[in-house]
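Asker: Pasting in a structure now, in C-alpha cells, and then I'll have a few things to ask.
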C-alpha cells in the first residue's frame, strides 16, 4: 500500500500511542524531517486539563517524483478562539505544526509549517470529514492515499466544549512544473 515510500506504515516517524509532542496547556513546535510531509494526526482531549489536547504526528518522505523541497516557512498564525480556514501559500504542503495554549480562551493558536516543491501545483483537492467526529473525542486522521498531500485545514470551535473539529485539505500534486503562483 505504501510501496512508493520504501517502508511500511508501521514505521511512521515517531508515531506511537504514548509519544505525544506536548503536555496539556503546553506549547509545541513539530517539524517533519527534511523532505517529509505530515500524513497522520492523532490527538486526545482532556477536559480537566484546560479542555486541551495532546498531539502526535506522523511524517512520510515524499516520492522522488516531487523532488526536494525548494523552500519551507511558517504560515500566519490562526488565533485561539476563532474558526479558521488556511492552506499553505505558494502551493506548499504541510510539514509541521506549531501551537500555543491560551488559558483565558481554553484554546490554542495554530501555525502550519509549509514546504514548497519546485513549481509543482496542487489539483483534485478535497476536504476530509471532521476529526474528531464529535467534540471531546479522540482524533486519528491517517492519509491512506499516498498520492494526496495535506495542504491545510479548516476548523470549527465550540464555545461550550472548548474544543475544535478539523477538516484537512488534501490535494494531489502535478508531475510537472506549472506557472500558477498559488491555488
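Note that Cβ sites are derived from N, Cα and C of the backbone, with glycine treated the same way.
Checked Swiss-Prot, it gives:
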DISULFID  32-59  disulfide bond
DISULFID  72-114  disulfide bond
DISULFID  88-115  disulfide bond
DISULFID  121-178  disulfide bond
DISULFID  125-171  disulfide bond
MOD_RES   1  pyrrolidone carboxylic acid
MOD_RES   5  sulfotyrosine
MOD_RES   144  sulfotyrosine
MOD_RES   146  sulfotyrosine
MOD_RES   148  sulfotyrosine
MOD_RES   149  sulfotyrosine
MOD_RES   176  sulfotyrosine
REGION    8-117  region '2 X 53-55 AA tandem repeats'
REGION    52-168  region '3 X 6 AA tandem repeats of D-R-[EQ]-W-[NQK]-[FY]'
REPEAT    8-61  repeat '1-1'
REPEAT    52-57  repeat '2-1'
REPEAT    62-117  repeat '1-2'
REPEAT    107-112  repeat '2-2'
REPEAT    163-168  repeat '2-3'
Asker: With a Cβ cut-off under 8 Å, give me the same-chain residues at least six positions beyond the ends of the repeat '2-2' (107-112) that come close to it.
Answerer: 51-53, 74-81, 84, 86, 88, 94, 96-101, 152-153, 155, 157, 162, 164
Asker: Roughly how many Å separate the Cα of residue 114 (disulfide bond) from that of residue 88 (disulfide bond), to the nearest whole number?
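Answerer: Checking the Cα atoms of residue 114 (disulfide bond) and residue 88 (disulfide bond) gives a distance of 6 Å.
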Asker: Most Cβ neighbours within 10 Å: which of the disulfide-bonded residues 115, 125 is it?
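Answerer: When each Cβ's neighbours within 10 Å are tallied, 115 leads.
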Asker: Are there any residues at least 6 positions away along the chain from residue 171 (disulfide bond) with a Cβ closer than 8 Å to its Cβ? List them or say none.
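Answerer: Set apart from residue 171 (disulfide bond) by at least 6 residues yet with Cβ under 8 Å, we have 122, 123, 124, 125, 126, 148, 149, 151.
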Asker: Among the recorded positions listed here (88, 115, 144), which has the Cα closest to the Cα of residue 176 (sulfotyrosine)?
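Answerer: Sorting the recorded positions by distance from residue 176 (sulfotyrosine), the top entry is 115.
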Asker: On the DSSP side of things, how many residues of the region '2 X 53-55 AA tandem repeats' (8-117) fall into helix, strand and coil, could you say?
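Answerer: Grouping H, G, I as helix and E, B as strand yields 6 helix, 54 strand, 50 coil.
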